[in-house]
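Annotated in Swiss-Prot:
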{"type": "REGION", "residues": "1-52", "note": "region 'Modulating'"}
{"type": "REGION", "residues": "1-32", "note": "region 'Disordered'"}
{"type": "BINDING", "residues": "CYS53, CYS56, CYS70, CYS73", "note": "Zn(2+) 1 binding site"}
{"type": "DNA_BIND", "residues": "53-127", "note": "DNA-binding region"}
{"type": "ZN_FING", "residues": "53-73", "note": "zinc finger"}
{"type": "BINDING", "residues": "CYS91, CYS97, CYS107, CYS110", "note": "Zn(2+) 2 binding site"}
{"type": "ZN_FING", "residues": "91-115", "note": "zinc finger"}
{"type": "DOMAIN", "residues": "163-407", "note": "domain 'NR LBD'"}
{"type": "BINDING", "residues": "ARG228, SER277", "note": "3,3',5-triiodo-L-thyronine binding site"}
{"type": "REGION", "residues": "457-490", "note": "region 'Disordered'"}
Amino acid sequence: MEQKPSKVECGSDPEENSARSPDGKRKRKNGQCSLKTSMSGYIPSYLDKDEQCVVCGDKATGYHYRCITCEGCKGFFRRTIQKNLHPTYSCKYDSCCVIDKITRNQCQLCRFKKCIAVGMAMDLVLDDSKRVAKRKLIEQNRERRRKEEMIRSLQQRPEPTPEEWDLIHIATEAHRSTNAQGSHWKQRRKFLPDDIGQSPIVSMPDGDKVDLEAFSEFTKIITPAITRVVDFAKKLPMFSELPCEDQIILLKGCCMEIMSLRAAVRYDPESDTLTLSGEMAVKREQLKNGGLGVVSDAIFELGKSLSAFNLDDTEVALLQAVLLMSTDRSGLLCVDKIEKSQEAYLLAFEHYVNHRKHNIPHFWPKLLMKEREVQSSILYKGAAAEGRPGGSLGVHPEGQQLLGMHVVQGPQVRQLEQQLGEAGSLQGPVLQHQSPKSPQQRLLELLHRSGILHARAVCGEDDSSEADSPSSSEEEPEVCEDLAGNAASP
């Protein structure tokens with residue numbers, strides 16, 4: 001029987017068999033995959049082992065258009081409906097072909113009829129636009145399930161143990177009792193007048209410039225701020241149990257970081273100011289020109305980024321404890337003990353973050369990155385900009401004294417005094433001289449008058465002090481005595 005021109009010859013699937021190689025031989029396409037290939041794909045768990053396609057008997061791969069079929073019959077049925085090919089199909093044997101995995105490609109009409117007979121639904125075959133919409137819906141459902149799974153995992157994360165709660169309460173109380181103005185800092189702060197700190201006019205020995213009026217204002221709050229950091233540390237049992245030498249090293253290492261953190265968490269985006277020591281609100285240029293230099297940029301940027309975290313007092317307290325108990329400080333004696341203490345605070349910190357259930361994704365690792373940022377940006381940003389050693393703040397010596405990273409280095413003060421007056425004297429002839437004072441003289445006088453020099457008792461003289469200095473042998477007991485008792489007062 002002749003086939004009509006409009007009909008497709010039996011056994012010539014236009015999708016599966018139309019491709020030919022240059023020599024005229026047929027090439028196998030994806031729809032005509034071998035038995036080995038069809039059996040190696042993903043098989044859903046709801047199928048029984050070796051379950052067969054209801055159309056051709058090949059290995060089934062899942063429910064397709066309401067029937068359990070193989071990939072080949074699924075694709076054949078979809079193409080037939082999408083391209084409306086079934087009216088063109090015909091059979092040479094009066095629609096009596098037996099369809100199995102060997103003969104399925106020999107007669108499209110009988111294969112399609114069997115698809116319909118076993119229950120494959122034509123209305124479930126989607127056109128391109130509907131298929132795209134379905135894919136989008138599937139992705140949305142997957143994303144929703146991922147979020148639900150994330151919420152469940154967050155709810156299942158461990159919260160603080162009773163021992164950790166004790167550690168948390170002690171750190172929180174230590175912070176609150178040493179944090180000036182507490183939660184009322186916005187109501188009690190005073191803005192530094194705009195005309196102060198806007199024009200650095202006094203040149204320092206290293207070439208930097210500073211606004212003396214702003215510097216003078218900052219020196220009024222630096223010693224109480226240092227004292228509060230020392231008091232905070234002394235209220236932590238793990239710190240108090242350390243040798244005096246390690247306490248000094250840890251305080252010298254973290255003083256700048258903790259004061260910077262306390263200022264950063266009091267960043268006000270509306271006025272673009274930081275509140276220092278809980279009482280003085282300053283702008284970026286005022287802080288920079290008052291002695292901090294480029295480090296002020298690091299503190300302001302830290303304040304901006306931390307504002308999105310909405311940290312409470314406990315999180316700030318634990319962050320301070322982690323900064324304090326850092327084994328990165330050189331010269332420590334009890335490194336293992338300090339490391340275990342920091343790990344205890346870190347674990348309690350992580351569990352407390354789980355307890356608060358923040359809405360920020362990956363809150364804990366992001367917060368840990370901020371902890372490292374407090375250290376690295378404050379310690380090294382200035383050094384990179386100024387070309388100074390990484391261990392310093394990267395600002396002029398007076399700026400280091402102002403923020404207390406090394407808490408008034410004895411040699412730095414003596415060097416300035418030697419340039420201007422009697423060596424080693426705290427009240428040399430320069431300070432009593434009645435002639436007009438140079439900028440350096442005025443700066444040194446401010447240092448003495450402000451009481452910053454008394455902060456030496458908090459963290460001791462620098463290790464580089466001259467060995468033959470008359471006072472060097474007497475200062476270490478003074479430091480240990482201060483740490484064991486009250487912090488140094490202004």
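The count begins at 1 with the first shown residue.
Just so it is clear, glycine is given a Cβ too, placed from its N, Cα and C backbone atoms.
Non-local neighbourhood of CYS97 (Zn(2+) 2 binding site): CYS91, THR103, GLN106, CYS107, LEU109, CYS110, ARG111, each in the same chain, at least six residues away, with C-beta under 8 Å from its C-beta.
For CYS53 (Zn(2+) 1 binding site), other Cβ atoms within 10 Å of its Cβ number 24.
Between the CA atoms of CYS53 (Zn(2+) 1 binding site) and SER277 (3,3',5-triiodo-L-thyronine binding site) there is a gap of 76 Å. Minimal Cβ crowding within 10 Å, among the binding-site residues CYS91, CYS110, is found at CYS91. For SER277 (3,3',5-triiodo-L-thyronine binding site), the spatially nearest entry among the binding-site residues CYS56, CYS70, CYS73 is CYS70, judged by CA separation.
In this structure, the binding-site residues CYS56, CYS73 were compared by how many other Cβ atoms lie within 10 Å of their Cβ, and the smallest count belongs to CYS56. The two recorded residues, CYS70 (Zn(2+) 1 binding site) and ARG228 (3,3',5-triiodo-L-thyronine binding site), have Cα atoms 74 Å apart. Around the Cβ of ARG228 (3,3',5-triiodo-L-thyronine binding site), 21 further Cβ atoms fall within 10 Å across all displayed protein chains. Sitting within 8 Å of the Cβ centre of CYS53, CYS56, CYS70, CYS73, and not among those site residues for Zn(2+) 1, are the Cβ atoms of GLN52, VAL54, VAL55, GLY57, ASP58, ALA60, THR69, GLU71, GLY72, LYS74, LYS101, ARG104. Neighbours of CYS70 (Zn(2+) 1 binding site), defined as other CB atoms within 10 A of its CB across all chains, total 26.
Taking DSSP states H, G and I as helix and E and B as strand, the DNA-binding region (53-127) has 29 helix, 7 strand, 39 coil. Here the CA atom of ARG228 (3,3',5-triiodo-L-thyronine binding site) lies 82 Å from the CA atom of CYS56 (Zn(2+) 1 binding site). Cα of ARG228 (3,3',5-triiodo-L-thyronine binding site) to Cα of CYS73 (Zn(2+) 1 binding site): a distance of 77 Å.
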